[in-house]
Amino acid sequence: MGAVKNAQSTSSPATASSSSSSSKKGSNQFQLDSEFVEKYRHQRAPFGFNGLGNIVYQRTYSRLKENGEREQWFETVERVVNGTFNMQKRHMELNELGWNPQSAQVTAQKMFDRIFHMKFLPPGRGLWAMGSPLTEERGIYTALNNCAFVSTTCMFEEGHQRSRPFTFLMDASMLGVGVGFDTRGAATAKEKHINITGPDKSRTETYVIEDSREGWVKSLELLIESYFDPSMPVQEFDYEKIRPAGLPIKGFGGVSSGSAALKDLHLQVRNILEKNVGAPISVTSIVDIMNLIGKCVVAGNIRRTAEIAFGDPNDEEYIDLKNYEVNPHRIEYGWTSNNSVFAELGMDYSGVCARAAKNGEPGFAWLENAQNYGRMEDPKNMKDRLALGGNPCLEQTLESFELCCLVEIFPNNHETMEEFLETIELAFMYAKTVTLGKTHWAETNRVMLRNRRIGTGLSGIAQFISKHGIHEFKKWCEEGYAQVQAVDDKLSRLFCIPHSIKTTTVKPSGTVSLLAGATPGLHFPESRYCIRRVRIAKSSELIEPLRKAGYKIEDDVWESSTYVVEIPIDHGEGLRGLKEVSMWEQLSLTSFLQRYWSDNQVSCTVTFDPETEGDQMKHALDYFQYQLKGISFLPRIPAGVYPQMPYEAITEDEYFEMASGISKVDFHKGDNEDPEMERFCDGASCAVEFRPSVASRTSD
């Protein structure tokens, strides 16, 4: 009879209790002046896009207070700002650096005003978690970061287990952190002649899985380790402690998925490793296991996952991973990652572009440019020579195990350059403060505490250019970048921490830009006038107020428990739709931002016409390879190909007809449950959500 091993019962975000951000605050906690905050109680929050921003806020970021009511916008901002300055206060006092409460109060009030009026916003994860019990009581600062990268070469490095990149991705994904990964481990295993051995089949050991994130991750660790250590017994699992499907999970929101998804993961990973006993781990096996983890997380209470795989453009095995005629078994889970290649300067792009022209994959990452340069207009500095990849949206260059911290500024919501520069100081302060928090991963802390990498992003770029012109935007980028460097110097001295290795970015954005009425990142909208569809659970108490206000609501064709709400939006006067913006112009804008603003990367998914522009892709990359760090492509999909598409172009008359039938929404009651944890970077292009019979990129 085999041995039985119990998991240690550990604290998990999956079992955290939810309460108001203001609960149990000690007298030594930083708090905004109550009279100052009260001034904003009856001010109208400037949510964008004809009520869409408010709907997204209510659905995604408005947490429950102790009295059971939902936060109003001014209360969310208060929670976030209090949490930010409490992090600063704890750091300053712990390190005996001196804390000036009067100065902090003045700065905090300025930050409150800028966030309230949406001059800048923290990332969605920050709006959701900052100042909540997750940070104030439990110190789970991982919840404030967005995405990560891990290299599979660590499988064979001293001090790491063979399972480490896989368990890191699973742990991070279950915390809502999207993860990029490479396939380099396959080459390393082959070079070092390290084979999959399989366990000792004469013995078995049963692991009792605790109902926690840690328990699930540990089970995967034991399974993978057993196939690289012939002295380990066959691993069997007891799933009895995992709560049944459908029970609520407090703290991070959502409901339990039961044990079915984990059982399936164990079965499929075991089958993959068993088939490869006696050989080194392969590129296909690495990506298969990572994708199966993503599928498990999606099937669980998280529902969404973000993965990006990086491989060799000359490796046919890797390039064919999404060719389901060659790999029919992968159709079940291959959709869980976007796949990219580490492009080499001067390479022949013909073959890879021929594939990308069909379905948009693979994307392209020029690691040499990312390692050697900050902004592409600046001299080569090799600051990121240790970087090995990037995050799923590819706006951040990252070392292995590194996370990225983002913040978003909306230039078009500013009247003057001076106002914009003042906002930069406060936005960067938020992000720099987040770097003061540690994660529960030692490898991550060693990188992040050294690099202090930040992604200060711009959104609503298409709107600003349409209104002010590209030359004025260039001035704002250049003066803004100089301001970022000055603020980094000031804050690094204040906190006595390293300068940030890199500081600026352009992220694809998503729900956060909707709050502010901004177009996402650098992307142009489908059309000036659009229908934007948002999915909301049928059980949500937001539905009835929306119905009373006149919004069109219909059943989700993919998810029986969800409604789809249609919101007419106007992106702004003079703004061109995607059909009017060529592939070449989109590439030019990306390179412009990589030159004048972003020292990290610029996330851009270039929408192209496969009929007229597909053959031009390889020629375009021949020119732009020296100006970019990453790019992806997406063939333009004709309207109506899929039902309930996130965006649908409409005419001006259709817009005003829809808008005329909508009145102001009263959300005073709201749900009696916290929203689920915000995932990743709130972007529209990096996350993958499973729907029955279809796998697609999410949009909301």
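Heads up, the Cβ atoms here are built off N, Cα and C, so glycines get one too.
According to TrEMBL, the features are:
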- 9-23: compositional bias 'Low complexity' (COMPBIAS)
- 32-132: domain 'Ribonucleotide reductase alpha-helical' (DOMAIN)
- 202-273: domain 'B12-dependent ribonucleotide reductase insertion' (DOMAIN)
- 1-27: region 'Disordered' (REGION)
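When DSSP labels each residue, the domain 'Ribonucleotide reductase alpha-helical' (32-132) comes out as 58 helix, 4 strand, 39 coil, counted as helix, strand and coil in that order. Within the model, the domain 'Ribonucleotide reductase alpha-helical' (32-132) shows a mean pLDDT value of 96, rounded to a whole number.
Across the domain 'B12-dependent ribonucleotide reductase insertion' (202-273), the DSSP tally of helix, strand and coil residues reads 28 helix, 15 strand, 29 coil.
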